[in-house]
Structure formats: C-alpha cells, structure tokens
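S.K.: Structure provided below as structure tokens; questions to follow.
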Amino acid sequence: LPLLLEATLLRLASGSHHPFYNGFYYNHLMNDKGNGQEEVDYFNGAKLVVETSKDPVYSSSGANVTLPCHYHYEPDMEAKPKIRIKWSKLRDDYTKEHDVLVAIGKTYMAFGDFQGRAHLRQVSRREASLVISDVRLQDDGKYRCEVIDGLEDESDVVDLRLQGIVFPYQPPRGQYRLNFHEAEQVCQEQGAILATFNQLFQAWSEGLDWCNAGWLADGTVQYPIRLPRKPCGGLHLAPGIRSYGPRHRHLHRFDAFCFSSGLKGEVFYLDHPAGMTLEEAKQSCQDAGAEIARVGQLYSAWKFLGLDRCNAGWLADGSVRYPITKPRANCGPAEPGVRSFGFPSKGRFGVFCYKER
C-alpha cells in the first residue's frame, strides 16, 4: 500500500492538470450513433473554488512562512475524504513549473530542495496552506495551489516575496567580465543569488540607479536608471529599467545584479592600529569565532540592521568597502549606501566579520 500511494503521488506531481470550470460536473460517454465518437454528458453540480492571498506574502531568508490556500464549494457540499492537493513553483512568465509538494488526504510528499522543509497546514476545514521552513533565497516567486476533487480541478496563485536588497557586482577583473553562469557563481559566493526582474524593479523604485548592465536570473541583461543621462540610454528616455533583452549565456559578458535577504547573524567591524592585510583580516575574524563577511552580508546588514561605519574594511572577495546609513562629512557622497574602494592589491585596512547567532 505505501508503494501504491507513493506511485499515485508521483503521478499526480508529474501529471499535467489544467484548471477548468464550465458550471457543471461532466462525464464522457460513448454516443449511440455507432461512429466511435465521444459526447459529453453535462449535469448540474457544485463549483469548486480555490482561494489564496491576493496580496504578496513577505518573508526573509532563514524564516518560516505559510502560503495560505483554502477551498470551498458553491453551493456548499461535503468534500470527498481524499482531496488531492498539489503545490508548484512557477516561473514569472508561467511557462514552467517545479513540483513542491503533492498530497492525498493527510499523506504528502515534498520534492527537490523542499524535501524536509515543506508540509501542509490543515488546521481548519478545507485548508490546503503550504508551510515552508528555513526559507531560502531561491524560494522567492509565485506558487500555485491546485485542488483536485474527482473531475473538478481548480487552482490559484500566491506570490512569496523575500525582503531583501539588490546590489550590482563586478569581479576583481573589472567591468563586463561575467557570462551568465559566472554571474550566478559570483552572486552565490557573496551570499546572494542573481536577482529577478521583479526584485530589480523594486530596488529601482526604492532609488537604485546604476548605469552598468548586469545579468538577471532569467538570462536577460538590464540596468536601472532613476536620472536619465547621455551615457545611460540617453536624455530622451524616461527613468526606468533599461533592457538589452536575453543574451547568449556563454558568449556575452556583463556585470551581475545580485539579491540578498535578511541575516541569521550579525556583521561587526574589527580594526588594528596598523591595519591588516587581507590574510590577517581573515585570521582576525576566525580568532573572534566568526568569518570574514561577504558582500551580500554587508549589504543586508546595512539595509536591515542599520550598520553604519565610516571605516573601510576587507570583505571575503578581496574588496574593501564600508556602509553608511547616515551620510556625513568625510564619509563619501551625500546619499546612504555601501561605499567601495575596489580591490586593492596592497594596503592595510580593518575587516568586516560575520557571525551567526
């Protein structure tokens, strides 16, 4: 029986279910004309309705989140004892989906990265909510809640958005040196992932203005402009997201837009009267029971924890930066931000360390 149930769940996960409702239940019956064609026999029935949150559900990296989903019938009727429920994660353009979880009754199976992190919450009648624990950066996106009751198959979509920050990234080699796959890698190395268009658009609406084009998660290359200017698409274009469209993921090279979310720990600054080399800085963090901070961690600490330090410090990628939330004299431009000294081959600085709580 367990093997049979598992096989049923797998077929449900891989099957192609298309939501439909025509006002009736239906049965396919062979007609009596003897030509082998099917006809559809309609009869009155109750409409299955699936509802999720119309507003986005917000969470952050490392947290637990519940994506609400409920279903009912119009007019009201009793549901079958073993309703089938399927949760899928969608691409932004709805062209592809990844199985998250399928369930029959109280038995469920999670898939891929969601194994051990996803389960159903069914504390109320006709609830099919999805609980995701230890939220990861890749969990950001749209999810479909699908309920199947016999021939009735209805679904709705809920949007999970991680509270985070988008930051542009160039490697030590300089501008426009990354193909798509290298851009993915450098973001991961900095405690982040490639940003989606929606994340870049949100960052632009919050003030991000950057004239260098960078890869996004969908393989397009874009950049956000708040103040139109000649080198950045021209003065005649309105503010917005400039797009180069999809680029060749191996051959074309640009910068990257990375996305990082909240932190499970803290970023702190260490200094030495004579400053430190990069290797000395790494050792100082280890001696403090921490590790040298990555770029994404510094940006997250700046945005979400209000980290403000007018002293430059080493980071894990060999860059030297410092975060300013309250602009002041001798601390860079008049706007808040993370300042960069680039990737100095020589010099002695402090260091930003990261330690999980």
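Any Cβ shown, glycine's included, is placed from N, Cα and C.
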S.K.: Which one, C310, C353, is listed by TrEMBL as the other cysteine in the disulfide with C331?
M.R.: C310
S.K.: Based on what TrEMBL records, which one of C187, C232 is disulphide-bonded to C211?
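M.R.: Record-based pairing for C211: C232.
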S.K.: C211, C232, C331: which of these disulfide-bonded residues has the highest Cβ count within 10 Å of its own Cβ?
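M.R.: Checking each of C211, C232, C331, the winner is C232.
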S.K.: Could you give the Cα-Cα distance between C232 (disulfide bond) and C310 (disulfide bond), in whole Å?
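M.R.: Between the Cα atoms of C232 (disulfide bond) and C310 (disulfide bond), the distance comes to 30 Å.
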S.K.: If you average the pLDDT over the domain 'Ig-like' (46-158), what number do you get?
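M.R.: Value for the domain 'Ig-like' (46-158), mean pLDDT as a whole number: 91.
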S.K.: In the domain 'Link' (266-355), how many residues does DSSP call helix, how many strand, and how many coil?
M.R.: 20 helix, 26 strand, 44 coil
